[in-house]
Amino acid sequence: MILPIYVYGQPVLRQVAEDITPDYPNLKELIENMFETMDHADGVGLAAPQIGLPVRVVVINLDVLSEDYPEYKDFRKAYINAHIDVVEGDEVSMEEGCLSLPGIHESVKRGSKIHVRYMDENFVEHNEVVEGFLARVMQHEFDHLDGKMFIDHISPLRKQMIKGKLNTMLKGKARSSYKMKQVK
Ligand SMILES: [Zn+2]
């Protein structure tokens with residue numbers, strides 16, 4: 001089922017999301033719905049707060065980029081209770097967008113290497129050191145679990161430049177090709 005994507009201004013996007021336990025109701029269905037919602041909106045990642053749930057569940061699909069990044073062929077994964085312990089490596093700038101910020105694309109500096117821990121769909125724990133594009137996507141998505149959005153990482157000047165677009169979202173007048181839940 002395709003779910004509406006919560007847009008900037010929705011308080012859930014600024015909440016710190018909670019870890020879940022294996023008895024979380026309908027988890028399998030939630031993950032399926034998140035994949036479907038992300039695919040429909042042409043996203044590479046989606047965090048549960050973006051569909052209105054303050055829990056630490058994220059889906060990532062890098063298969064769509066496998067023409068440019070062959071190492072990500074068939075890469076579709078769900079991450080549960082994800083946390084980033086260390087960010088290191090060189091800071092790299094790259095343009096980012098976000099399904100909760102339709103129409104905004106800004107260059108964001110992030111560390112190139114991270115240490116993450118999470119559980120997979122079967123609640124098996126993983127500890128990984130991740131680099132490259134996946135490290136960027138994880139930082140973007142896992143930020144959502146801590147109530148952060150990519151615009152928090154841009155300069156005050158750039159933030160000023162996008163103020164009009166943000167205000168449009170706060171008025172509930174943003175547009176996109178997918179179903180959204182705006183504040184008004
Ligand atoms: Zn996002």
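Note that Cβ sites are derived from N, Cα and C of the backbone, with glycine treated the same way.
TrEMBL annotations: computationally assigned, not manually curated.
Taken verbatim from TrEMBL:
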ACT_SITE  E141  active site
BINDING   C98, H140, H144  Fe cation binding site
How big is the Cα-to-Cα gap, in Å, between C98 (Fe cation binding site) and E141 (active site)?
9
Which ones in the same chain are close to H140 (Fe cation binding site), with CB under 8 Å and 6+ residues apart in sequence?
G45, E96, C98, V108, R110, F150
Residues with Cβ closer than 8 Å to the Cβ of H144 (Fe cation binding site), same chain and 6+ apart in sequence?
L13, A17, A47, P49, Q50, V58, S100
Fe cation site shell beyond C98, H140, H144, criterion: Cβ within 8 Å of Cβ centroid:
G45, A47, Q50, E96, S100, E141, D143, M149, F150
Run through the Cβ atoms and count how many others sit within 10 Å of the one on the residue listed as 'active site'.
22
Neighbour count, 10 Å Cβ-Cβ cut-off, for C98 (Fe cation binding site): what number do you get?
25
